[in-house]
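Novice: Attaching a single structure in structure tokens format; questions to follow.
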Amino acid sequence: MTITFTLPPHQTALTVDEHDKVTIWDVAPCPSLPPDQVCVRVEAVALNPSDTKMRGQFATPYAFLGTDYAGTVVAVGSQVTHIQVGDRVYGAQNEMCPRTPDQGAFSQYTVTRGRIWATVPEGWSFEQAASLPAGISTAGLAMKLLGLPLPDPNATTAPALPKPVYVLVYGGSTATATIVMQMLRLSGYIPIATCSPHNFDLAKKHGAEDVFDYRDAGLAQTIRTYTKNNLRYALDCITNVESTTLCFAAIGRAGGRYVSLNPFPEHAATRKMVTADWTLGPTIFGEGSTWPAPYGRPGSEKDRAFGEELWRVAARLVEDGKIVHHPLRVIPGGFEAIKQGMELVRTGQLSGEKVVVKLG
């Protein structure tokens, strides 16, 4: 049976009002609890670049902002048997979704979504766990589009490939990059990265075999030489003209695959032998997206099934200490601090850090 928990009549949440202004809403509705989910009191949230873009055509007035959360279970749906009240969980939300406007991470209470959540490992803080969800989801989607398998959570060592296979990760000091490089290593691939020199050690700590200064004028040739002109895979975690151009130029003579985290400038995608695609975060739920073109997507059962498999794998890897979190900048101060953190992210004031805000 469902464990009874009475939510307050209202809660506080961060939203965008009818004037397209990010607003702290103190009389926001509380979500209802589906039978196959749990209700969570949010203790910490992490900020992502996508949070700062939910304005204009991407905004549903008074829908909740926020993707990444961690918190304490306060109620359990009738069909859930493996979670109890008091357990700690972390997960991702489909923020600013018109179908479920009261489900966003930046709120006092939320309900888990699909199977895109997991229990917080022993020894992890809420802040550490909250930093993972978007990175896990995006890293998994990127590997899928690159055509690379997810790690085997039961393996004691990474598989030995017949010959070294390099994967270029442009923007190797970003939060998504540090997770995907760890996953690539666990799948047997060799990540090489680009970033600023002051973040070289960060990228190497999280799996990069070697790191290159993204500002090097001869970088494409340097990477071609390093990979013996056989680079087949490039993941672009920055996505601008310079990053797309570099990735296409670095891929070897036989061609390969390029994946970015946002729509890439097509005029920079100059080689027919390179297949290009980009990730869209909400597809991890299988729900599709109602955002304007080119971000609109239909729902997909295959996407939903992949999201569940990814999170089953990633939860094990995190639990076993095979994936570690990005360096954090933890900010106290609740919802006002979220607004301040969003400004830090929007204006590009971070390097090698992920902003996490304490709510609890």
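From the backbone N, Cα and C atoms, a Cβ is placed for every residue, glycine too.
According to Swiss-Prot, the protein has these features:
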BINDING   50-53, 173-176, 196-199, TYR214, 261-262, THR279, 350-351  NADP(+) binding site
BINDING   ALA134, GLY135, ILE136, SER137, THR138, ALA139, GLY140, LEU141, GLY281, PRO282, THR283, ILE284, PHE285  substrate binding site
Novice: Just to verify a number: CA distance, ALA175 (NADP(+) binding site) to ALA134 (substrate binding site), in angstrom, no decimals.
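Specialist: Roughly 9 Å, rounded to the nearest whole number.
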Novice: What's the CA-CA gap between PHE285 (substrate binding site) and TYR214 (NADP(+) binding site) in angstrom, rounded?
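Specialist: The Cα atom of PHE285 (substrate binding site) is 33 Å away from the Cα atom of TYR214 (NADP(+) binding site).
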Novice: Among SER50, LYS53, PRO197, TYR214, these being the binding-site residues, pick the one whose CA is nearest to that of ILE136 (substrate binding site).
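Specialist: When the Cα distances are compared, SER50 comes out closest.
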Novice: Spatially, and counting Cα to Cα, which of the binding-site residues is closest to THR283 (substrate binding site)? Options: SER50, LYS53, PRO197, TYR214.
Specialist: SER50
Novice: Per DSSP, ILE136 (substrate binding site) is which: helix, strand or coil?
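Specialist: The three-state answer is helix.
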Novice: For THR138 (substrate binding site), which of the binding-site residues SER50, LYS53, PRO197, TYR214, THR279 has the nearest Cα in space?
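Specialist: Considering only the listed binding-site residues, the nearest one is THR279.
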Novice: How far is it from GLY281 (substrate binding site) to LYS53 (NADP(+) binding site), counting Cα to Cα, in Å?
Specialist: 13
Novice: Do me a favour and check the Cα-Cα span between GLY140 (substrate binding site) and THR279 (NADP(+) binding site); whole Å is fine.
Specialist: 10
Novice: Quick check: which same-chain residues outside ALA134, GLY135, ILE136, SER137, THR138, ALA139, GLY140, LEU141, GLY281, PRO282, THR283, ILE284, PHE285 lie with their CB within 8 A of the centre of the substrate site CB atoms?
Specialist: ALA92, PRO133, THR279, GLY307, LEU310
Novice: How many neighbouring Cβ atoms, not counting its own, are there within 10 Å of the Cβ of ALA175 (NADP(+) binding site)?
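Specialist: Here the count is 30.
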Novice: To the nearest Å, how far is the Cα of PRO197 (NADP(+) binding site) from the Cα of ALA134 (substrate binding site)?
Specialist: 25
Novice: Sort out for me which one of SER50, LYS53, ALA134, TYR214 has the most neighbouring CB atoms within 10 A, since those are the binding-site residues we care about.
Specialist: ALA134
Novice: Work out how many Å separate SER50 (NADP(+) binding site) and ALA134 (substrate binding site) at their Cα atoms, rounded off.
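Specialist: Checking the Cα atoms of SER50 (NADP(+) binding site) and ALA134 (substrate binding site) gives a distance of 10 Å.
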